[in-house]
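Okay, so here's the structure we're looking at.
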Amino acid sequence: MATATLTIDLDAIAANWRALDQMTASDCQTGAVVKADSYGLGAAKVAHALARAGARRFFVATCEEGADVRRALGSGPQICVFSGHMEGDTALIRDFDLTPMLNSIDQLTRHFEALGGQPFGLQLDSGMNRLGLEPGEWEAVAGFALEAGPELLMSHLACSDDPDHPMNAEQLGAFRAMTDGTGVPRSLSATGGILLGPAWHFELTRPGIGLYGGRPFEEARPVVRLSLPVIQVREVEIGEPVGYSNTWTAEHTSTIATVAAGYADGLPRTLSSRATLYAGRVPCPLVGRVSMDLITVDVSHLPEVPETLDILGPHQTPDDLADTAGTIGYEILTSLGRRYQRRYGALAA
């Protein structure tokens with residue numbers, strides 16, 4: 001079979017959620033971010049696993065994502081939408097019982113006119129300058145917005161992956177200035193904010209990348225293994241090139257495995273002649289270009305060529321691969337291609 005297998009450990013995702021939940025006080029709820037199809041790992045199955053672990057509030061990017069999660073979970077859990085109430089979203093918000101995080105005066109107006117009485121939250125800009133009501137706007141509308149009974153006041157940290165960055169304290173101060181005394185539950189922290197400490201926790205946290213084994217949650221359990229099938233093996237003589245543009249040439253007689261995955265499957269082209277794959281615990285260098293469907297790997301040092309080679313797993317996390325590619329683990333996870341056969345179960349040692 002020429003299809004790679006992406007193994008996803010739902011028990012590990014649930015364990016990571018529980019570990020992050022235990023970092024906060026008992027009166028602080030821990031939500032779960034399942035946007036972008038749970039970072040590419042399958043929102044329906046991931047949301048089910050997190051609900052079984054105890055999560056009761058889920059966050060998505062769009063109403064369409066929210067509808068998919070609601071179909072998977074049924075009634076009960078709250079599903080919050082970061083993009084708020086966009087034009088054309090009214091029917092989805094109503095029909096799938098979604099809670100938009102309203103982020104502008106226009107959205108406030110749209111929501112109150114179209115769905116007065118429907119739950120909502122408010123997103124405030126504490127300094128990231130991306131989404132949310134700015135302090136001046138909030139001051140102007142806080143009275144009637146609070147009177148309408150928001151479920152949540154939230155903001156987002158720009159630099160929480162760097163605990164020493166002064167922006168963390170600046171945003172904390174700005175958020176408190178806008179929300180102290182409102183009596184409304186508040187949320188400022190994703191994974192990085194949880195790790196900053198209790199001052200950033202408020203009444204709700206909403207971890208994302210930490211659930212899926214990523215930084216900055218260094219104690220997270222690994223969640224994915226990506227095993228790529230070897231299609232063909234050939235001997236390459238000294239001086240012979242491999243792959244497009246002849247970017248790699250054999251300096252000695254080499255055994256080269258052609259492996260079924262490429263940039264169409266989410267492997268960045270910047271991994272060319274830089275990445276490492278694994279045969280069990282043994283590293284094997286990627287040689288030559290990453291092409292659309294194929295990569296080539298030097299397996300000269302293996303006593304026997306295996307049927308598959310791992311590019312993600314216990315010996316190489318998405319963050320490790322991202323470091324090699326010059327990107328971030330989020331991009332590696334969310335780019336994992338549709339051609340992979342997804343299998344849910346424990347990761348083999």
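Including glycine, each Cβ sits where the backbone N, Cα and C put it.
As recorded in Swiss-Prot, the features of this protein are as follows:
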| type | residues | note |
| --- | --- | --- |
| ACT_SITE | K35 | active site, proton acceptor |
| ACT_SITE | Y244 | active site, proton acceptor |
| BINDING | R130, M292 | substrate binding site |
| MOD_RES | K35 | N6-(pyridoxal phosphate)lysine |
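Using a 10 Å radius centred on the Cβ of R130 (substrate binding site) and all shown protein chains, the other Cβ atoms total 10.
Taking Cβ-Cβ distances under 8 Å and a sequence separation of 6 or more, the neighbours of M292 (substrate binding site) in its chain are G262, Y263, A264.
DSSP assigns Y244 (active site, proton acceptor) to a helix in the three-state reduction.
Most Cβ neighbours within 10 Å, among the active-site residues K35, Y244: K35 holds that distinction in the structure as shown. The two recorded residues K35 (active site, proton acceptor) and Y244 (active site, proton acceptor) have their Cα atoms spaced 36 Å from each other.
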